[in-house]
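What follows is a set of notes on a single structure, which appears directly below.
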Amino acid sequence: MLTRRTFLKYTGATTLTLFATTAAGQRVALASLPGGSLDPSAVPKFASPLLIPPVMPRAGTVPWRGAGRADYYEIAMRQFEQAMLPTPLPLTTVWGYGPAGPGTALHHAPSLTIEATVGVPVRVRWVNDLVDADGRALPHLLPVDPSLHWANPERLPDRHGHRSTDQKPDLTGRVFVPPDEYTDPATQYTTYRGPVPIVTHLHGAEGVGDESDGYTEAWYLPAATDLDPELATSGRWYAYLAGLAQERFGVAPEAGAQTSQYPNHNRASTLWFHDHALGLTRLNVYAGPAGFYLLRDVSGGDGPIRDARTGGAASLPGPAPRRTDPPPGKAYYEIPIAIQDRSFNADGSLFYPDSRTFFDGVTGPWVPESDLSPVWNPEFFGNTLIVNGRVWPHLDVEQRRYRFRVLNGCQSRFLLLDFTAIPGVDVWQIGNDGGLLPDAAHVTADLEGKVLLAPAERADLVVDFTDVPRGEWVLHNVGPDEPFRGGDFEPADAATTGQVLQFRVGRAVTPDRSTPPEHLVLPAVPALPDEGRVRRVALIEAMSMAAEDAPARALLGVVVGDPAAPEGGHVFPSEWHEEVTEHPDQGAAEVWEIYNTTGDAHPIHVHEVAFEVVDRQSVHVEEPPDDGPEEDEHEHGAGPTAVVRISPDSSARGPEHGESGRKDTVIAYPEEVTRIRLQFDTAGRYVWHCHILEHEDHEMMRPLQVGPADPAQPR
């Protein structure tokens, strides 16, 4: 249980100290961010050109609900080698999405971009093709911790002896050993090395049926030639949701694949797709599979973008890559930019920790002897930054305006992009997760030239290089190399993770006909209903009972009672498998109050909706009283882990720059309540979770049921 004492101790430090263990067993602090056997200082910077992702080719079109047609894609996840590191360093084995036809020439991590149009639906057949040349299943590239609540295709029994997928195995009587020491399944357990479960989620999509959302328990294995008949080939929810897909759009279930339909009801916006398998998301995404999904409004349904000087139509910088483009060499002025952090080994392979010890020096004991999982790390920070799949690349730009659609695709790292080292640059933010802002935010003048992005957040930027001297200039990251808490922190290592991308500025070769962002009149964003239920939820960090100040897992929960009342609100945690506590009616508008009782900031993502950020307010987080109210035991299991009270001397502050309009991911800061307004229009089973992937994979995710549950749903 998170107590006030451990809360203060865990959050009192201003930096995270990382440790190594000597041969004698002594813990020593490391001076720089550790990683694999490849020293990041040995990686040449700005040697590779930035890859601008081409457009994903369509497989064709298909009928859509009896009227009109949908764009149709067949996309496979495959394993291949990619030049993430500059030459002469080795290639890196990764996974990525690409066309499901023969070969991997068009596979990349991140993938080619899906270009979509508002109101024109898209259907995708997502294929798990993680097999070798002979069709045999490939194991994971990274260490899979089987002690979590995860996909569990081996159907190891739970503590009640029940054999099923999607549960936390009971490992009583066994001890964890590394794979090379594993000899006796009766007394030992080790990392899972079987076929890989996947399921794809389109992040930020609205109006998507639950059969297409990529529900975390609807994973599936590849249709490999050598599958062990004892393995489950799909998750608990796969058959049910595949049945809905057949009922709703006539696609029969197929081994090794899921078919999803996206109605594209969103406003024009920058979406992205990635894996979402239960207890594996951090590993699957780290291995490479992700991609942009750019939704454009060609009919003007969002409202026109005007030029304030003339009242006529404005122009944003472009073009972006298009499906009909010729081979590489064309100049683009709208560019998607995915920033991720990775660590590497000297042979070019991806490094990801194979022991919890990497995070904080804890050496066990592990599950089942304690509450600490042996492999899972509470957070992970790579010691290099990759942009569009290449480590520290460069981009040739002209002295003109560019539109950059920026995604923070990191595991746990918050980015604070700093443009101030680029003389003469002028930066504006015109959009976020949910599309265009109602008013452009002047980053250079009002935000000290910096843009904060939590994992999964996006920023739509206009960056004006017109007055930048010709030469080479670096975009920096001054976010921390540690868990982000807001406030003061040490910036990232200036020699490595403090550098993102080099711009090589040259003269403009074509006229810039885009509208200066200070003259943009962006379309108004319709307000969501301001009436509805107030739902109080909580973010919780459970500390280990076996090791001092060691986080054991992160959770979500509910707040019972009113934090504005003298007795406060009592925080009750819930695990993934427990009964649904968030069940809004279809069509209902709600305000969610998200109480963060942890020491870190968390990016909270709610599937199926785009919401409004209302405000934030300071709260006090306290230990629950020993003689708490009787309702402490009411339907929430054990007693509360904390009491939250609105700080009596605090006042609510409105959304930050860049948070106006709509969002699908919001930063919840420590010891604050973050209020968001949502409307749930599509019935079905979804999820909400923290988008720090290590948190999401170890209980910081909960099911969300919109409308009545179907009696046929899995239980």
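Note: Cβ is positioned from N, Cα and C throughout, glycine not excepted.
Unlike curated entries, TrEMBL annotations are predicted automatically.
The region 'Disordered' annotation in TrEMBL covers 149-189 (among others). Counting same-chain residues at least six beyond the ends of the region 'Disordered' (149-189), those with a Cβ under 8 angstroms from any Cβ of the stretch are 195, 197, 217, 219, 221, 230-237, 277-280, 354, 366-369, 374, 575-577, 697-699.
Under the heading compositional bias 'Basic and acidic residues', TrEMBL lists 155-171 (among others).
When the region 'Disordered' (306-327) is classified with DSSP, helix, strand and coil residues number 0 helix, 3 strand, 19 coil. TrEMBL lists 306-327 (among others) with the feature region 'Disordered'.
The domain 'Plastocyanin-like' annotation in TrEMBL covers 580-709.
What TrEMBL records for 620-666 (among others) is region 'Disordered'.
As annotated by TrEMBL, compositional bias 'Acidic residues' applies to 624-633.
Under the heading compositional bias 'Basic and acidic residues', TrEMBL lists 654-665 (among others). Outside the compositional bias 'Basic and acidic residues' (654-665) by six or more residues, the chain places 203-204, 267, 429, 431-439, 441, 443, 446-447, 451-452, 454, 456-457, 459, 525, 603-606, 609-615, 676, 691 with a CB less than 8 A from a CB of the stretch.
Residues in the region 'Disordered' (149-189) partition by DSSP class (helix H, G, I; strand E, B; coil) as 3 helix, 6 strand, 32 coil.
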